[in-house]
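Novice: This is the structure, below, for whatever I ask next.
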Amino acid sequence: MSLSLKTRRFGRPVRPQLVLLLLFALCLLSVFISAYYLYGWKRGLEPSGSEAQSPDCDEPKISPSRLLPMKPLKPVDSSRTDPLVLVFVESLYSQLGQEIVAILESSRFKYRTEIAPGKGDMPTLTDKDRGRFALIVYENILKYVNLDAWNRELLDKYCVEYGVGIIGFFKANENSLLSAQLKGFPLYLHSNLGLKDCSINPKSPLLYITRPNQVEKGDLPGEDWTVFQSNHSTYEPVLLAKTKSAESIPHLSVDAALHTTVVQDLGLHDGIQRVLFGNNLNFWLHKLVFVDAVSFLTGKRLSLPLNRYVLVDIDDIFVGKEGTRMKVEDVKALYDTQMELRTHIPNFTFNLGFSGKFFHTGTDAEDEGDDLLLSYVKQFWWFPHMWSHMQPHLFHNQSVLAEQMALNRKFAVEHGIPTDMGYAVAPHHSGVYPVHVQLYEAWKQIWGIKVTSTEEYPHLKPARYRRGFVHNGIMVLPRQTCGLFTHTIFYNEYPGGPVELDKIINGGELFLTVLLNPISIFMTHLSNYGNDRLGLYTFKHLVQFLNTWTNLKLETLPPVQLAHKYFQIFPEEKDPLWQDPCEDKRHKDIWSKEKTCDRFPKLLIIGPQKTGTTALYLFLGMHSDLSSNYPSSETFEEIQFFNGQNYHKGIDWFMEFFPIPSNTTSDFYFEKSANYFDSELAPRRVAALLPKAKIITILINPADRAYSWYQHQRAHDDPVAMKYTFQEVITAGPEAPQRLRALQNRCLVPGWYSTHIERWMNHFHANQILVLDGKLLRTEPANVMETVQKFLGVTNAMDYHKTLAFDPKKGFWCQLLDGGRTKCLGKSKGRKYPDMDSDSRSFLMDYYRDHNIELSKLLYKMGQTLPTWLREELQSTR
C-alpha cells in the first residue's frame with residue numbers, strides 16, 4: 001500500500017512554477033558555458049590570488065623565484081631526434097607565425113608548420129624509435145596549455161622522453177586578465193603593461209650570441225606586454241624591464257623594480273624545458289633571444305657558430321655624376337674608417353669595384369679625390385666592374401664583351417690596380433643570373449675570374465632565400481643590400497628620415513642579416529661614401545652595435561677564399577636550380593632580348609624506359625602543331641637535360657635543341673627523355689624551369705618493363721646481362737657484385753611507379769600529369785592519341801585513325817605515308833625475345849604487389865583511369 005502511494009505521488013504532474021525555475025537555471029548554466037568557450041583566450045589563465053608569498057630577492061630587485069623541490073631531469077639525447085622544428089601557428093597568415101618561420105628560414109633550419117590543434121589530432125611525433133622534431137614552437141602558448149588531455153599528455157611525454165624543449169609566446173589583448181596564473185604551472189602572468197629600459201640577465205644559461213652587458217634604454221614597442229612571476233626555482237629570467245609608470249603592478253606580491261619579459265623554464269617542474277616570451281617578435285631583442293633559445297633547447301644542433309664573415313663591396317668607383325663622387329676628405333675618411341674597423345674585424349678591407357672609363361669625369365675636387373684614391377691603391381681590395389658600366393646581357397657577341405673588359409684591365413695595369421683578385425661584379429648583376437654565357441666566358445678569358453656575386457639568385461626578395469651556386473667554374477655568392485642605394489647620400493634626406501636608417505642598423509634588417517648569415521657580402525656604391533658618407537656611418541654603427549649586444553666574432557676574407565668558405569659551409573648549394581626567367585620581371589629585364597621563353601617545351605614525356613615512349617614521341621611529331629626537339633649527337637632523340645650533367649650546361653644549351661618560334665601562338669614544343677621518370681632530381685628541376693609544363697608518363701606491367709630492360713641490355717652486349725640470367729639478376733642479394741646490383745636496380749626500381757609519380761606530384765598539380773596505359777598505346781594508339789590531344793588542349797585535332805597503320809612484320813603501329821607505305825621505328829624497337837620464365841614472373845608479381853596497390857590508390861586520387869594491366873594484376877592478387 002505504501003509503495004503504491006509513493007508511486008502515485010511520484011507520478012503527479014510537476015507544478016508550472018518548478019518547471020519555470022528549472023528552465024531558468026538551465027539557461028543560466030548555458031550562458032556560463034557559452035561564455036567560457038566564447039572567450040577561450042582566458043582558458044589556461046586562472047585569476048591570481050593573494051596566496052603568492054613574498055620571497056627573498058637578489059639585487060637588482062626582480063620578480064621572485066624561490067627554491068622548491070627539484071624533479072630530476074632526463075638527460076637530453078639529441079641524437080634521437082631529427083633536426084626539425086615543429087611550429088604551431090594560429091593560421092598560415094598570422095604575422096608572428098610568419099616572423100618565426102622567417103628566422104628559421106634565414107638560419108636555414110628545417111621546419112614544419114601546423115595549425116595549432118584545439119581538440120584535433122597531434123602530428124605524428126615519432127618514427128619508430130626516433131623523434132621527428134628537435135624543438136616545438138607555439139605562436140600562442142595558450143594553445144599548448146589548453147590542449148585536450150590526450151594530446152597534452154602525448155606531447156609532454158614526447159618532450160620528456162626525447163629531451164625536446166618548447167618555445168611559446170603570450171600576446172595579451174584588451175580582453176586579457178590583468179593578473180592570472182598559467183593553468184597547471186606555478187607561473188603568474190601580468191598583462192597589458194607598458195614597459196621600458198630592457199636589460200638582460202647575465203646569469204641566464206641560454207645566452208650564447210646575446211651579450212648581457214647593456215640596457216636598451218627607452219620605451220619598448222606597444223602597451224600590451226606581459227611579465228612573468230613565480231616562486232619556483234625552475235623559472236629563470238632572461239629579459240627584464242621596468243614599467244613605464246611608477247605604479248606597482250596589481251596583485252604582484254613584491255614591488256619589483258625589474259619584471260621578467262622572457263622567462264626560461266629549466267624543466268625542474270615537469271621535466272620539460274621551455275622559453276616563454278611576454279610579447280611577439282616586434283622587439284629586436286626578442287629576435288636575438290629567440291635565436292639563442294633555439295640553439296639552447298636543441299643542444300646547439302640548430303645553431304650557427306659565432307664567426308661572421310663580412311665583405312663590403314663599393315661598386316661604381318669613378319662612376320657617378322658631379323656632386324655625388326668622393327673628394328680628398330672622403331677618401332681619407334674611407335681609409336681612416338677602414339683602419340678603425342680593423343680594431344674590431346681583423347684585416348678588414350673595403351673592396352672597390354671600378355669602371356676605368358669614368359676616371360677624372362667629376363669636378364676638379366672630385367678628380368683630386370680620384371687621384372688620392374689611386375695613391376692608396378695598395379690599401380684596398382679591387383675588382384673589375386665593366387669599363388663603361390654597360391650591362392653584359394646587352395652584348396650578344398663575346399668578343400665585343402671581352403674588348404670592354406680588356407680596356408678596364410689595361411686601365412688597371414696602368415694605375416697599379418691588382419688584376420689577380422679573381423672576383424668581379426657585373427653592373428646591375430646583369431648576366432650573372434639568369435646566366436649570360438658570354439659573360440662567364442669573357443670573365444675567364446680576360447680576368448681569370450673565379451668568383452662573382454648577385455642579389456638575384458634565386459630572386460631578389462625575400463632576401464632570406466638568396467643562395468649561391470657554381471656555374472662554368474665560377475662560384476656565385478649571394479649578395480646583400482644594406483639599406484643604401486645610389487640615391488641615398490644625405491643623412492637627413494634618408495627615406496623615412498634618419499630614424500629609419502638607424503632602425504635598420506640597430507636591431508633591424510641589417511643587423512639581422514649579419515646575425516642569421518655566416519657570410520654576408522654587402523653591396524654599396526661610390527655615392528654612399530661622398531657627401532654625408534652614409535656608407536661609413538652605416539658600417540661603423542653596425543659593428544659597434546654588434547659588439548655591444550652580441551658575442552659574434554667578426555672576420556673578413558678576400559673574395560676567392562670567402563667563396564671557398566661559403567661552399568664549405570653550404571656544399572649543397574653548388575648545384576644551381578635554373579628557373580623560368582620570364583616568371584620574374586627583374587630577371588626578364590636582365591636577360592638577353594634575343595632569347596625567349598617561348599622556346600621552352602610545354603610538354604615532357606618522362607618515361608619510364610621500355611614502355612613505349614619512343615612510339616609516343618613519333619606519333620606526337622606527326623601533328624602539325626607539335627614540334628619535338630632536335631636530336632642530340634650523344635643521346636639521339638633524348639636531350640636528358642634535367643637528370644644529369646647536361647643540366648650544368650645551362651638553359652642556353654637546353655634551348656638550342658628547339659627551333660626559334662614563329663610569330664604564331666600555336667607553336668607547341670615537346671621533348672622526351674625516358675630516364676626523367678625515376679630521377680630524384682628531375683621533378684624539382686623541371687618544375688623550376690617549366691612550372692606550367694604538361695607531363696606524360698606511360699606505364700606497362702612493371703614485371704614486363706623489368707624483363708624488357710634486361711633484354712635491351714643483352715642486345716647491347718652488356719657483360720653483366722650476358723653473364724647472368726634474368727632470374728639471377730632480379731633475385732640477387734645484398735652481397736652480390738656491385739655491377740650486378742646496379743643492373744638489378746635499373747630493372748626493378750623504375751617499376752616503383754607510385755613512388756616516382758608521387759615525387760612528380762610534389763612539384764606539379766595532378767591535372768598537369770597524364771598517365772597512359774602502355775598496353776593500350778601498343779594495341780589502340782589512335783584512341784590513346786585522342787586522349788593525349790585533349791590533355792594538351794591542341795586546337796587542330798588530328799585523326800590518328802587515318803594516319804596510323806599496323807605493320808604485321810614489325811608487330812606494332814607505324815606512320816602511314818602516301819601510297820600506303822609505312823614509316824616505322826628502327827630495328828632496335830619491337831625486338832622479339834623469349835617469354836619470361838614462370839619463376840621470374842611469379843617473383844615479380846609478389847615483388848610489385850604492394851607497389852601496384854599503392855599505384856591504384858594514387859591514380860584514384862589523381863582521377864586517372866587504371867591501366868588494363870593494373871586491373872588484371874589487382875584481380876589476380878585477391
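Using N, Cα and C of the backbone, Cβ positions are placed for all residues, glycine too.
Got these off Swiss-Prot a minute ago, pasting:
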- 1-169: region 'Sufficient for localization to Golgi membrane' (REGION)
- 1-17: topological domain 'Cytoplasmic' (TOPO_DOM)
- 40-594: region 'Heparan sulfate N-deacetylase 1' (REGION)
- 47-71: region 'Disordered' (REGION)
- 595-878: region 'Heparan sulfate N-sulfotransferase 1' (REGION)
- Lys610: active site, for sulfotransferase activity (ACT_SITE)
- Cys814-Cys824: disulfide bond (DISULFID)
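Buried or exposed, and what's around them? Tell me for each listed feature.
Specialist: Proximity of Lys610 (active site, for sulfotransferase activity) to non-local residues of its own chain (separation of 6 or more, Cβ distance below 8 Å) is seen for Ala674, Ile700, Arg705, Ser708, Trp709, His712, given in sequence order.
Neighbour count (other Cβ atoms within 10 Å of the Cβ, all protein chains): 21 for Cys814 (disulfide bond). When secondary structure is read from DSSP and collapsed to three states, Cys814 (disulfide bond) falls in the strand class.
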Novice: Just jot down the residues in the same chain as Cys824 (disulfide bond), at least 6 apart in sequence, with C-beta under 8 A of its C-beta; none if empty.
Specialist: Asp807, Lys810, Phe812, Cys814, Gln815
Novice: Take every residue in the topological domain 'Cytoplasmic' (1-17), average their pLDDT values, and give the whole-number result.
Specialist: 46
